[in-house]
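According to Swiss-Prot, the features are:
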TRANSIT   1-41  transit peptide
MOTIF     2-17  motif 'SIFI-degron'
MOD_RES   Lys87  N6-acetyllysine
MOD_RES   Lys113  N6-acetyllysine
MOD_RES   Thr141  phosphothreonine
Amino acid sequence: MLGAALRRCAVAATTRAGPRGLLHSARTPGPAAAIQSVRCXSHGSQETDEEFDARWVTYFNKPDIDAWELRKGINTLVTYDMVPEPKIIDAALRACRRLNDFASTVRILEAVKDKAGPHKEIYPYVIQELRPTLNELGISTPEELGLDKV
């Protein structure tokens, strides 16, 4: 419904535009082109933190995940207004290792540091929690690679 209303509005705007982009009154939209007020609210239940974590761990633990799905998952996860739990990052790092994608491991760790923002205690905590996984998988942190000085 909203998409149709927006399309009608966009079509109406382009049909009224003259050759130089100026509006003229040669053709005014009829009542069908009026924008309708639509409320875009979710009617579903809220996802708990545990369900959110489980969903992302399951996503990254898929045995047949490919490089595109990995990057898509990382990009989506980074857009959230939160620092992912270490167990989600652990699953993502293991997926990177399965795909031999070292660059993505560094990118994930840099994104976690960036998402922590001014809260300087978060990133060291995450690295501390991930240290066994980092050692097991042979992954160096951006600081160990000297990327924090670049």
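Cβ from N, Cα, C; glycine included.
Reported as a whole number, the C-alpha separation between Lys113 (N6-acetyllysine) and Thr141 (phosphothreonine) equals 11 Å. Secondary structure from DSSP puts Lys113 (N6-acetyllysine) in a helix. In the structure as shown, the Cβ atom of Lys113 (N6-acetyllysine) sits within 10 Å of 20 other Cβ atoms. Here the Cβ of Lys87 (N6-acetyllysine) has 16 other Cβ atoms within 10 Å, regardless of which shown protein chain they belong to. Separation of the C-alpha atoms of Lys87 (N6-acetyllysine) and Thr141 (phosphothreonine): 17 Å, rounded to the nearest whole number.
The Cβ of Thr141 (phosphothreonine) has 18 neighbouring Cβ atoms from other residues within 10 Å, across all protein chains displayed.
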